[in-house]
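Pulled from TrEMBL:
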TRANSMEM  6-24  transmembrane segment
TRANSMEM  82-101  transmembrane segment
TRANSMEM  107-131  transmembrane segment
TRANSMEM  152-177  transmembrane segment
REGION    275-297  region 'Disordered'
DOMAIN    294-334  domain 'UBA'
């Protein structure tokens with residue numbers, strides 16, 4: 001739902017890759033990422049064919065799973081902005097591929113004539129916003145020391161894709177560098193490499209009706225749902241919310257005269273303990289009550305984009321001292 005571009009990238013290149021591997025193997029030569037033919041024979045069309053479809057089914061499987069997990073960015077940014085990121089990362093990573101090949105040949109004397117085919121550069125570039133903007137929620141621990149989070153599976157898939165070929169590290173490095181360059185506010189690459197509005201309208205009229213999906217009605221809408229692990233965790237926590245519903249309703253009635261939504265300091269014991277000195281008989285005195293924390297509207301907007309209400313976003317940011325990551329984890333876990 002709300003990710004037609006991700007669905008098209010998941011279905012079309014995967015189907016072409018399967019057909020080329022199983023039925024039309026004699027056409028695979030047109031989709032090889034042959035750098036020698038690009039540099040010496042100026043076969044620029046190989047950049048498009050060789051950097052779009054994977055010829056290895058293992059790479060197809062891993063990249064498809066990663067695109068499925070990264071669909072959250074299309075829902076958050078919109079299809080046009082997401083397509084602009086992929087276009088910019090694709091073009092920048094193609095340039096960095098050629099530069100890294102020349103650097104490798106100059107330093108180590110290794111001549112590389114071809115690289116693994118597929119839409120790998122933009123996929124690795126998506127790890128940059130995934131690392132910086134998706135909150136880290138701990139799921140469990142292994143041996144009491146190693147934390148398993150909602151992002152662990154995605155990193156494992158990226159590591160599997162990284163180790164699937166001999167020179168795929170070049171694609172991974174160029175993809176990460178291109179993602180950093182596109183996200184950088186200093187370089188302003190996102191203002192240059194973007195999808196024009198008229199192109200976005202053409203694709204929205206032609207391709208979006210084919211790949212769009214109706215919103216699911218058999219599942220309860222909960223939170224952000226950035227990954228499958230978060231969705232499962234939120235569904236389990238929804239049961240806890242139903243048990244606490246009577247307590248929350250009572251808290252809201254007690255806070256009506258104060259104009260608040262939810263007493264987050266009572267829902268979260270660690271935060272409540274910070275203000276124990278200010279409470280007497282479960283009521284804060286007017287003289288010792290600290291002034292309300294100023295909340296950034298930009299952070300409130302980011303939480304609302306994740307699916308939370310404005311009231312809950314304000315209360316969470318105030319309770320967490322305007323810390324976006326802590327507020328997001330609170331909203332996900334309660």
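A Cβ is built for glycine as well, from the same backbone N, Cα and C atoms used for every other residue.
Caution: TrEMBL annotation is automatic and unverified by curators.
Nonlocal intrachain contacts for the transmembrane segment (82-101), taken as residues 6+ away from its ends with a CB within less than 8 angstroms of a stretch CB, comprise 5-6, 9, 35, 39, 47, 51, 73-74, 112, 115, 119, 121-122, 124-126, 129, 170-171, 173-175, 177-179, 181-182, 189-190, 193-195, 200, 203. Within the model, the domain 'UBA' (294-334) carries an average pLDDT of 76. Each residue of the domain 'UBA' (294-334) gets a DSSP state, and the totals for helix, strand and coil are 29 helix, 0 strand, 12 coil.
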